[in-house]
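Asker: Below is a structure I'd like to ask you about.
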């Protein structure tokens, strides 16, 4: 493959060198921020040798080349375009300026939660293991092994406000360590553990205001709002405090002001917001049942196109941290939608006689089955439209099944086949059946519907 030739072919189709604001790449895609998106010819770009798909998302023109190829194309492209290397964060900053307010909020929440997903996934896997140990009586609950497993599985959720405080402060422009400190205040041992409230809690009289001494372990919205407020306070203090006193006074005043406001006002308000969202969703799922799964499973892939799905991490973490819920009933639905995209894409592989399309569909379908759907959605299914519609129907069918069968997950971040690792042991069989339904429905519809499957 001639990477220099690919780069030379790309430039005029992107509006020329002067239209390239920045270039970066991820594992599979060349990510470009263009001065004027209208100058790019997506259809022509898709016909270039080596290009597996092309789409606009999150303010970027993203061209799919695949693992092991994209880095070589990128190296040749920045030389041909005469631009300097950009990090993914720099490209994302430029792209963010093109996003609408909803997409910016979604991107912000994604940047806050993605770094802490490994901790939540680890805890979720350990919770699943602990559940199996408890269900099958492998180890007595008083045994040291059981106690240590319990400690390891719950740790990330107990200190979740501290983890969120750190990453949120970084995104809001505050000091991450002050953000973590504020998260620590909200989970201080002086406050009754949020999961032990049923046994009773005490209140504190603060100048005539009765403050409930309840901790915020496992919560999301209280610390998000509190750290946003803290970052605003910190930035304003830095403007007025002399440099000589900045190191001492700014952290001191920031923590005491934001800490008091968080405990008295923001924390209770954030808890009410989180509980309200959880209540609405759980009520909808419990009362609408499979109809809710049908709706959510069918619409999820449409939401993915907008990029707003990144904001769901916050809601899912809130469900897991809520003592009255403690499970993620949304992620199994999203997983069905992702599997359906893989099924619809796989059907295109059987239908098409175009060698180039055939070369793209198989890896794209496999990627979707692992929970990464961009290549399948933008590279194949949306390109031919009807496979995307088939995937929506498959996602709806799978979503209806997992909701009706009460399939729950114990973490966030993993969907499709990898999601099996964080599914509750009692739900695993129905999760697999749901994937089979989503895949089969999407595959069958995509295979039987009539549409052109060539690169033209």
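The first residue you see is number 1, and the count goes up from there.
Every residue gets a Cβ built from N, Cα and C, even glycine.
As annotated in Swiss-Prot:
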type	residues	note
ACT_SITE	26	active site, phosphocysteine intermediate
DOMAIN	4-87	domain 'PTS EIIB type-1'
DOMAIN	107-456	domain 'PTS EIIC type-1'
TRANSMEM	112-132	transmembrane segment
TRANSMEM	144-164	transmembrane segment
TRANSMEM	181-201	transmembrane segment
TRANSMEM	209-229	transmembrane segment
TRANSMEM	247-267	transmembrane segment
TRANSMEM	288-308	transmembrane segment
TRANSMEM	329-349	transmembrane segment
TRANSMEM	360-380	transmembrane segment
TRANSMEM	388-408	transmembrane segment
TRANSMEM	428-448	transmembrane segment
Asker: Against which stretches of its own chain does the transmembrane segment (288-308) lie, if we need a Cβ under 8 Å and a gap of at least six residues from its ends?
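Answerer: Apart from its flanks, the transmembrane segment (288-308) reaches 57-58, 99, 102-103, 106-107, 330, 333-334, 336-337, 340-341, 373, 377, 382, 388, 391-393, 395-404, 438.
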Asker: Within 10 Å of the Cβ of residue 26 (active site, phosphocysteine intermediate), how many other Cβ atoms are there?
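Answerer: Result for residue 26 (active site, phosphocysteine intermediate): 15 neighbouring Cβ atoms inside 10 Å.
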Asker: So which of 112-132, 144-164, 329-349, 388-408, 428-448 is most in touch with the transmembrane segment (360-380), counting Cβ pairs under 8 Å?
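Answerer: Out of the listed stretches, 329-349 contacts the transmembrane segment (360-380) most.
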Asker: Please average pLDDT over the domain 'PTS EIIB type-1' (4-87) for the predicted structure.
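Answerer: On average, pLDDT over the domain 'PTS EIIB type-1' (4-87) sits at 85.
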Asker: Could you put numbers on the helix, strand and coil content of the domain 'PTS EIIB type-1' (4-87), residue by residue per DSSP?
Answerer: 33 helix, 22 strand, 29 coil
Asker: Is it true that the transmembrane segment (329-349) and the transmembrane segment (428-448) have 3 or more Cβ pairs under 8 Å, skipping pairs fewer than 6 apart in sequence?
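Answerer: Checked: the transmembrane segment (329-349) vs the transmembrane segment (428-448), in contact.
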Asker: So if I exclude everything within five residues of the ends of the transmembrane segment (247-267), which remaining residues of that chain have a CB under 8 angstroms from its CBs? That is, six or more out.
Answerer: 174-175, 178, 181-182, 185-186, 206, 209, 211, 216, 222, 225-226, 229-230, 233-234, 237-238, 241
